[in-house]
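One structure below.
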Amino acid sequence: MNKANMLRTDKDMQIILFSEVSVGISANSILFIAHVCMILGENRPKPIDLYIAFLSLTQLMLLITMGLIAVDMFLSQGIWDSTTCQSLIYLHRLLRGLSLCATCLLNILWTITLSSRSFCSTKFKHKSPHHISGAFIFFCVLYMSFSSHLFISIIATHNLTSENFIYVTQSCSLLPLSYSRTSMFSAPMAIREAFLVSLMALSSGYMVALLWRHKKQAQHLHSTSLSSKASPEQRATRTILLLMSFFVVLYILENAVFYSRIKFKDGSILYCVQIILCHSYATVNPFVFICTEKHIIKFWESKCGRIVNI
């Protein structure tokens with residue numbers, strides 16, 4: 001992609017991207033602060049609250065990093081050096097991977113928490129946070145190693161004229177790699193993402209089947225007219241299904257745009273669309289948590305009430 005074409009990119013795309021980043025940073029900050037305060041105020045915080053707090057922190061850092069990259073894409077005069085380019089692009093790639101990993105593990109932990117109360121599952125529930133934490137550390141090391149090639153393939157190119165370089169920002173470009181090297185780095189990442197998305201789909205499907213069976217048992221034992229209010233389990237199911245469906249749709253759209261960019265090699269608009277889709281989940285999912293978890297709303301209502309009383 002030529003830098004001149006990037007500068008002529010539709011201004012609407014720039015506004016959408018900066019608006020998305022700003023809204024996402026605000027929403028994740030609200031979610032993170034609420035969960036940290038609730039965790040510090042409890043003697044035994046729930047594992048799910050810890051993972052939601054970590055997910056919101058990861059997404060917050062991801063969007064801040066993307067904001068810095070977007071500034072260099074549209075507003076900067078190309079003043080970054082190679083170290084800055086490599087560090088920020090590497091950090092952004094790492095945070096993207098950790099966000100996907102944290103979302104997957106949170107989905108699994110949520111499924112385990114809502115599973116049946118058999119002896120095996122109850123015993124596993126107590127150990128699951130430790131297993132999931134170990135899995136997360138493993139994926140952290142894996143992501144760091146998979147993204148390490150960016151330190152040699154990202155360079156600062158302030159006066160880019162060659163079409164061989166791949167545009168990243170006004171300051172940074174990606175060195176062209178051979179087909180074998182590209183496959184060596186892209187294949188493990190594709191397998192990793194497919195594995196995590198498959199785990200999310202399986203855990204969500206299992207939980208939906210589990211709660212559907214629970215609902216049938218409840219209808220058999222009790223009259224459905226006793227209460228029309230949704231149970232906490234049903235609300236949790238709706239939340240997970242909504243997040244999972246939204247994630248899958250964005251994942252499909254993002255990959256479709258990516259392959260379209262490969263076909264139309266000089267697509268500055270497609271580049272912006274891919275970036276917007278890539279960060280839409282990190283922007284939207286905090287609102288889903290805030291709207292579906294009543295204790296977060298009550299927390300902020302109490303804080304706002306105290307400020308008003310003062």
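Glycine is treated like the rest: Cβ placed from N, Cα and C.
What you are looking at is a predicted structure, and each value in this text was computed from that prediction instead of being measured.
Listed in Swiss-Prot for this protein:
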- Cys85-Cys172: disulfide bond (DISULFID)
- Asn159: N-linked glycosylation site (CARBOHYD)
- 1-20: topological domain 'Extracellular' (TOPO_DOM)
- 42-50: topological domain 'Cytoplasmic' (TOPO_DOM)
- 72-93: topological domain 'Extracellular' (TOPO_DOM)
- 115-134: topological domain 'Cytoplasmic' (TOPO_DOM)
- 156-190: topological domain 'Extracellular' (TOPO_DOM)
- 212-238: topological domain 'Cytoplasmic' (TOPO_DOM)
- 260-268: topological domain 'Extracellular' (TOPO_DOM)
- 290-310: topological domain 'Cytoplasmic' (TOPO_DOM)
- 21-41: transmembrane segment (TRANSMEM)
- 51-71: transmembrane segment (TRANSMEM)
- 94-114: transmembrane segment (TRANSMEM)
- 135-155: transmembrane segment (TRANSMEM)
- 191-211: transmembrane segment (TRANSMEM)
- 239-259: transmembrane segment (TRANSMEM)
- 269-289: transmembrane segment (TRANSMEM)
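Per DSSP, the topological domain 'Extracellular' (72-93) is made up of 15 helix, 0 strand, 7 coil.
Annotation: stretch 94-114 has the most Cβ pairs under 8 Å to the transmembrane segment (135-155), among 21-41, 51-71, 94-114, 239-259, 269-289.
Between the disulfide-bonded residues Cys85, Cys172, the minimum number of other C-beta atoms within 10 Å of a residue's C-beta occurs at Cys85. Counting same-chain residues at least six beyond the ends of the topological domain 'Extracellular' (72-93), those with a Cβ under 8 angstroms from any Cβ of the stretch are 6-7, 9, 14, 61-62, 65-66, 147-148, 150-151, 154-156, 158, 168-172. At the 8 Å Cβ cutoff, the transmembrane segment (269-289) and the transmembrane segment (51-71) share at least 3 close pairs (sequence separation 6 or more) and count as touching. For the transmembrane segment (239-259), the residues of the chain that approach it from at least six positions outside its boundaries are 103, 107, 110-111, 197, 200-201, 204, 207-208, 270, 273-274, 277-278, 280-281, 284-285, 288-289, 292, judged by C-beta separation under 8 angstroms.
DSSP assigns Cys172 (disulfide bond) to a strand. On the 0 to 100 pLDDT scale, the topological domain 'Extracellular' (156-190) averages 73 in this prediction.
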